[in-house]
């Protein structure tokens, strides 16, 4: 039974490596934009510094455990690619952003990671050391998964999904599912538990994307409608009563004037496709003939 479990763990580990490989490469379009602009304005380096620290931490944990080779392979690639991202960012960043990035590198990679190695190596021995490092990885991973809540808040506030790509959310959710089963089959809660939260937040992001993407399209459609109806006159009719609404004396006079223009052939009447019955009259594009009449309920 343990042999079957081991085979399944290996399969999920390989799949996890493939999905995480794609996730690690997802910032490439961002860095292409930075390269084109020759500037990092509008972008922050903290996600890449944190990802670098996280990969280093998981490698250290995997080295203290057994049967975690696949955890080492993907996080080794993570260290490699995140180092390139950070170096690329430093090259194009202005002085202020460069100084902030260097401070974060010193805080997380040098001081943070160095302190964890020193404390665990000198204060803990054997299996206890692996457990302590595992709990550190678990807590830090939970913090990393909670970080996208800022993006979720921004989506709800702005009602826009511009800064929350659907494809990235799908891959992050898939990654959480795969690594959860990998940890579950290895009976390693430090790997499995954080990915439960990752899966929940991934689903939340995809649901929000579907909701607000539809609303965004509806808003854009409404904004385009007036452009099509520029230089047009719209008369709406009450659909329930099928009669014209009550008009003021000035509106009646304007309609009589409009009728005379129509009879003289100076205005073209076009049908309007809408839920309510409406007519559109386009006025000739001359300064003396531009008149608009609106009949309101």
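Every residue, even glycine, has its Cβ placed from backbone N, Cα and C.
Taking TrEMBL as the reference, the stretch among 191-212, 213-234 described by the feature transmembrane segment is residues 191-212. Among the ranges 6-25, 26-45, the stretch that TrEMBL annotates as transmembrane segment is 6-25. TrEMBL lists transmembrane segment at one of the ranges 46-64, 236-254, namely 46-64. Proximity of distant same-chain residues to the transmembrane segment (191-212), defined by a Cβ-Cβ separation under 8 Å and at least 6 residues beyond the stretch ends, is recorded for 71, 138, 141-142, 144-146, 148-149, 151-152, 155-156, 159-161, 164, 166, 169-170, 172-177, 179-180, 182-184.
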